[in-house]
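Trainee: Right, I'll just put the structure down here and ask away after.
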């Protein structure tokens with residue numbers, strides 16, 4: 001056999017790089033169970049082996065049946081082929097079982113590619129204990145992790161919101177002489193900005209430049225996105241201009257990011273101008289672009305025009321997916337046209353698409369807004385029947401409606417719906433202890449729950465905390481409401497709520513909260529200022545309390561938040577004034593503010 005085929009490698013031969021070897025081989029090798037002799041398959045045999053193994057692993061859970069089926073194939077495989085198989089496996093348990101099974105096969109040796117792929121699979125499943133054991137085994141096999149391996153690990157920690165662990169990996173890789181690349185820095189910048197730690201993100205950006213990694217289009221796009229999402233749109237605009245000035249050409253992704261940021265800031269004219277600039281630069285809109293522009297038009301009140309964009313998208317051979325249909329459901333629902341929202345939901349089903357949880361949430365919100373509780377109940381049941389698990393946002397919607405319930409009947413039905421969701425948030429709320437003398441029991445209860453919700457995105461957690469504090473406050477459980485707020489603030493759920501603009505000049509931003517949460521947050525924050533004064537003797541020179549009506553605010557005109565805050569400040573004679581025509585910003589400063597903060601009732605304002 002060896003004389004007839006020069007491509008066959010004797011079993012005793014040492015192959016220095018099985019991944020490259022597997023890539024170069026034109027023919028796949030099959031090992032017979034009886035003789036142990038490698039037999040060559042025809043051209044394309046390598047793909048046949050990969051497909052055969054992948055099919056078995058797709059059909060069977062890992063166990064004795066899967067092992068026997070693989071044994072019956074009588075095949076041999078190199079690391080390159082193994083990596084192709086691993087990339088096709090969705091179930092982490094199957095992937096890990098297959099990985100370690102291969103490790104025990106005679107003549108097989110994993111390489112850096114298979115280990116790195118396995119790190120990515122386990123990272124998506126957040127199985128960090130298994131990852132650590134895998135990395136230990138990787139080193140024992142004299143297969144040193146490289147920058148791609150570390151990047152995969154950092155990305156996994158970041159997606160699970162374990163930022164300290166991600167930074168530890170970043171530091172460890174440098175200690176062993178593995179230099180971070182652009183992907184490393186961009187991943188860390190992205191995850192910190194999304195979590196609200198913009199200062200860390202920008203520090204990493206500067207460090208990246210300091211080590212000689214100049215930004216490319218991808219890097220600029222990530223930083224622009226980070227700045228914009230953190231609310232620093234002018235800085236994102238400046239960086240976009242800098243990118244162009246430095247000869248770094250924006251791509252479709254960059255334009256999509258900029259359009260989305262302008263849309264989020266409700267600068268709809270600017271968003272549409274960028275859309276036209278993008279087309280003039282020769283870029284054809286993709287599915288993401290169309291979705292953003294539809295959303296912009298919808299928020300401008302041009303829902304018919306948004307539907308026209310949907311038609312254009314189909315004419316350009318972009319097949320609308322579930323999120324696109326879901327967007328139209330959401331837009332019509334928010335516009336109060338429940339019939340139109342329902343028709344788009346039905347159109348999605350007729351297109352053979354399965355609605356996801358956000359789409360159900362949009363429709364659920366629309367039903368609640370017009371008090372169609374039986375329809376809301378049926379919708380929630382159909383969601384469960386499809387095997388979809390209600391999200392944190394689902395529960396938040398129901399809790400908010402329950403808080404504002406117009407009648408005991410409404411509140412009763414909504415309580416039933418909250419229980420039907422089966423979300424852990426319901427048990428958290430039901431088991432909320434009464435506040436003890438120091439509130440420690442409530443704080444511990446909230447602390448454990450937020451740790452359990454660790455991997456939820458910050459906006460979802462913020463929405464739930466807002467609904468819980470509002471509910472507790474309006475239910476008369478104001479001590480509990482204050483404790484929930486304090487723990488959430490400590491855990492950075494509200495990163496922009498309280499910040500120091502300059503030395504001793506503080507901003508309290510309440511305008512994105514419900515009125516009950518705003519009153520609780522303001523009361524506890526002012527109490528915190530008092531405590532700091534008593535401990536350090538340092539007084540704030542000025543405090544701005546923002547409730548809306550500002551030029552950049554999402555809330556214009558009179559609002560429940562503004563009224564509730566003004567009532568609270570008036571009751572306690574807070575020495576405030578407004579300026580520059582912004583009646584939604586209450587300002588206290590100087591000696592009158594300091595004298596007021598020293599009053600003992602400031603500590604207990606939230607109980608009124």
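Any Cβ shown, glycine's included, is placed from N, Cα and C.
What TrEMBL lists as repeat 'PPR' is 111-145, 146-180, 181-215, 216-250, 251-285, 286-320, 321-355, 356-390. The domain 'Smr' annotation in TrEMBL covers 508-589.
If you look at the structure here, what lies around each of the features I listed?
Mentor: Broken down with DSSP, the repeat 'PPR' (111-145) shows 26 helix, 0 strand, 9 coil.
In the predicted model, residues of the repeat 'PPR' (146-180) average a pLDDT of 91.
Long-range neighbours of the repeat 'PPR' (181-215) within the same chain, counting only residues 6 or more positions beyond its ends whose Cβ lies under 8 Å from a Cβ of the stretch, are 147, 150-151, 154-155, 157-159, 161, 163, 166-167, 170, 173, 222-223, 225-227, 229-230, 232, 243, 248, 457-458, 492, 495-496.
Long-range Cβ contacts of the repeat 'PPR' (216-250) within its own chain (Cβ-Cβ under 8 Å, at least 6 residues beyond either end) map to 182, 185-186, 189-190, 192-194, 196, 198, 201, 205, 208, 257-258, 260-262, 264-265, 267, 281, 496.
Residues 287, 290-291, 294-295, 298-299, 301, 303, 306-307, 310, 313, 362-363, 365-367, 369-370, 372, 383, 386 of the same chain sit 6 or more residues outside the repeat 'PPR' (321-355) yet have a Cβ under 8 Å from a Cβ within it.
Listed as Cβ neighbours of the repeat 'PPR' (356-390) (distance under 8 Å, sequence separation of 6 or more from its ends, same chain) are residues 322-323, 325-326, 329-330, 332-334, 336, 338, 341-342, 345, 348, 397-398, 401, 406, 410, 413-414, 416-417, 420-423.
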Trainee: Using DSSP, what's the helix, strand and coil tally for the repeat 'PPR' (251-285)?
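Mentor: Residue counts in helix, strand and coil order: 26 helix, 0 strand, 9 coil.
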